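Notes follow once the structure below has been shown.
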Amino acid sequence: MPERPSLPLFTAPAPRRRWLVVAGLSVAVLVGGAAGPAVAGDRPGGGHHGGWPHPGRDASTTVEPFGTAPDGTPVERWTLANGDMTVRVLTWGGVIQTLEVPDRRGNVENVVLGFPDLAGYVSDDDPYFGSLIGRYGNRIAGGSFTLDGTTYQLPQNDGPNTLHGGPQGFDDQVWTATPVGDQDVAALRLELVSPAGDQGFPGTLTTAVTYSLDDRERLSVHYEATTDAPTVVNLTQHTYWNLSGEGSGTIYDHQLRIDASAYTPVDETLIPTGEIAPVEGTPFDFRRPTAIGERIRESDQQLLYGQGYDHNWVLDREDDGARPGSDAEDALEEAAQLRDPESGRRLTISTTEPGLQFYSGNFLDGTLVGTSGRTYRQGDGLALETQHFPDSPNQPQFPSTVLRPGEVYDSTTVFELDD
């Protein structure tokens, strides 16, 4: 492992907090106008719709059985439908199994990777398709960290490191689901209690994640969590996107823009070195829309470490990201945009988080069969995970991920699709 530099080559953002004090807490979920379920061909002539609402259609939320978890717990599949968009969510891991949306010709296709049945998701071979990730998204070096003078040892499930909260993280649990939408918004609230010591983390963590689908083809993911003892938290969503359609081939022709002037380089085990490096002049400069495949084969050492892109970008945010008049909750700001030239589909991501992990599907190897019955090979999907930075518990120069009793972890990411 290379020695970590004592000083960054690029000015790092000042650590900032993003917790809400419990007293007087009021949380609003993003909502939109009325709409109805997506139906193939329901837009005669196709054409650009730009996320505009379809008045007179109601949102809908339905549920059906989806098998049984290894411990015997029933798993449900919930369908959220609104306007031209339909999303299917599993109570196993909070998985987004499918997301169907039209292209510019009106053809409705699923644009996320996943498995056709529960067996794929409970398998150890599942690469976190569509999962909610916790307690700590991304990697923690050496599977350990020190908090308030106490060192905590976590299971090491990614070489010497802990990845995505450990081998039995939030992606490997059955969540409790409650529909919370109305005629304008299809919404589902998922809840999970992680006991103290779960995967080695301190404190009992009570988590709620709300998926909200409005009629402008915006899927909002709102995370909340509280703890009864100091701990670290970094929640994210691990959907793999292919805007050409799931199982249709690689995403290398997709045009990606990331609003970030810097990224966090990694060592050979994909742990940040501590440096905040400028993207200018590197294959990591996506400040202008760039085809993903344009530079992915360059002999840059960082690309060699990840066998492609698997890095955290430091998002360019106005000032420190805090909302006016608040020193707690961050503003929702646009972070990235992905576009498929062939279908015309465009994904815009806005978030309250300071970082974005772009993973280009480097380890998909043709052994997994997806919802379409086709196999997934390298580059057949990509993940864009909003987050705090990897290994933050061991890197105090990064924005803090510490959560204490009396605080509320509060984070929102919005995925907006149009053509």
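The backbone N, Cα and C atoms fix where each Cβ goes, glycine too.
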Region 'Disordered' range according to TrEMBL, out of 316-339, 340-363, 364-387, 388-411: 388-411
Among Asp71, Asp300, Asp310 - the residue TrEMBL places in the same beta-D-galactose site as Asn138, Arg139, His238, Thr239, Tyr240: Asp310
Winner by Cβ contact number (other Cβ atoms within 10 Å) across the binding-site residues Asn138, Thr239: Asn138
Glu385 (active site, proton acceptor) and Thr239 (beta-D-galactose binding site), distance between Cα atoms, whole Å: 8
Alpha-carbon distance [Glu385 (active site, proton acceptor); Asn138 (beta-D-galactose binding site)] in Å: 9
Annotated beta-D-galactose contacts Asn138, Arg139, His238, Thr239, Tyr240, Asp310, maximal Cα-Cα distance (Å, integer): 18
Fewest other Cβ within 10 angstroms of its own Cβ, chosen from the recorded positions Asp310, Glu385: Asp310
Structural state census, the region 'Disordered' (388-411) (DSSP three-state): 3 helix, 7 strand, 14 coil
Nearest of the recorded positions (Arg139, Asp310, Glu385) to His238 (active site, proton donor) - Cα to Cα: Glu385
